[in-house]
Ligand code: GAF
C-alpha cells in the first residue's frame, strides 16, 4: 500500500505535468467495506462500514479562466475540460461526472474554475466504493479551499448529491459517510435516519482475526437498473405498510400485511438486516469475541441472496468455499450484482481459506479472484 507521503508526491508531480504548476494541496479519501448493513441506508436504517487502507487522492488547484479540468492517472490519461457554466447532469459523463458533480455543487464559490488530478488504488467496480472515494476526496479539498464552514456531514450530502443528481446513481449515504466519517481502528455505526454516529472499536489483529476481501472481478454499476429496482421495491413495500420507511418496521411479524412475494422478500431483508447490524454492534460493544459476528455475516449473505436477490454465482461460491474451509463467516458486500465478498477468518487460516476460494473459482471456470486483508483505516484527510 502506498504511503500518504508517496501518494501525495505522485499526485503533485502528475498535477504539475498536466497543468504546469503546483496544486494548492492533495487530499485522500478511502474506499470502504461494509461489515454489515447492506441496502439499509436508503431505508433510513443502520450500517457498519470500515474504511479501507486504499484511497483516492485528489490534487487540486484553482484557476482564473472559468474552466474546470479533470485528469485521472487511470485510463487513457486524457484531460476532460469544459467551462464551469457548461456543467450539467451527465456533462461531463463517465468517471469525470463524479468529481464534476461535487464542483458543480460549489459552483458559486468556484467561478474562476479549478484543476483536479486524481489517482487511486481503490479497486474500481468491485463494490468497495471507489466512486465515493473519488467524490469525497474532491469534496474535502474544495471544503478546505473555498467552503471552510461546511461540516463533514455537509460534505456527505454534497458527495451524495453528485452521485444522485449529477451522475444519476440513486445511492444512499453509506459510502460517502464511510469515506468521510470513519476513523482508524474502528467501524462506523451510523443511524442513517438520525445521522447519529458511533465509532465502534474493531481490533481484529488483537483477536487473531483477519477481514479478508475477495474481489470476484465481476463488475457492478449503480447507475444500472438492479439497484434502482431494489430501491423502488423497498419504497413500495413501505408505502403498502403505511410507514415512512422500512426502518419503521420492528420485526418480520410487522410484514404480515404484504401479500406480494417480491415486496415481502425485499422488506424482510431490510428488517432482518437492521437487526443484524444491531446484533453485531452489540457484540462489539460488549467486547465479546468478534468471532461470533461471523455467523451474523453469513446470515446476512443468505438474506441478500434469497430475499434481496442481488448475489451472483461467483459471490455465492466465494462465501460457500470460505465457510467450508473454516472461515467464521462471509458475505457479499456493497450494491450487489458482482463485486466483492468479505470473509472473517482466523489469521492462521486466512491463507488456506483464500486458497480454497481460488480453487473453487478455478473448478467453476471463473476468473481468479483478487484477495487482500483489511485493517479498519482512517477517513478522508489532507495529505499535502
Ligand atoms: C451501494 C450504495 F452506493 C450505497 O448507498 C448502499 O446502498 C450500498 O450499495 C448497499 O448497502 O454501495
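Positions of Cβ are set from backbone N, Cα and C atoms, glycine also.
Curation plays no part in TrEMBL annotations; they are all automatic predictions.
The domain 'Galactokinase N-terminal' feature in TrEMBL is assigned to 13-62. Mean pLDDT for the domain 'Galactokinase N-terminal' (13-62) in the predicted structure: 98.
Positions annotated as domain 'GHMP kinase N-terminal' by TrEMBL: 100-181.
If you look up TrEMBL, you'll see 289-362 marked as domain 'GHMP kinase C-terminal'.
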The domain 'GHMP kinase C-terminal' (289-362) resolves under DSSP into 45 helix, 11 strand, 18 coil
Mind tallying the domain 'GHMP kinase N-terminal' (100-181) by DSSP state, helix then strand then coil?
-> 50 helix, 8 strand, 24 coil
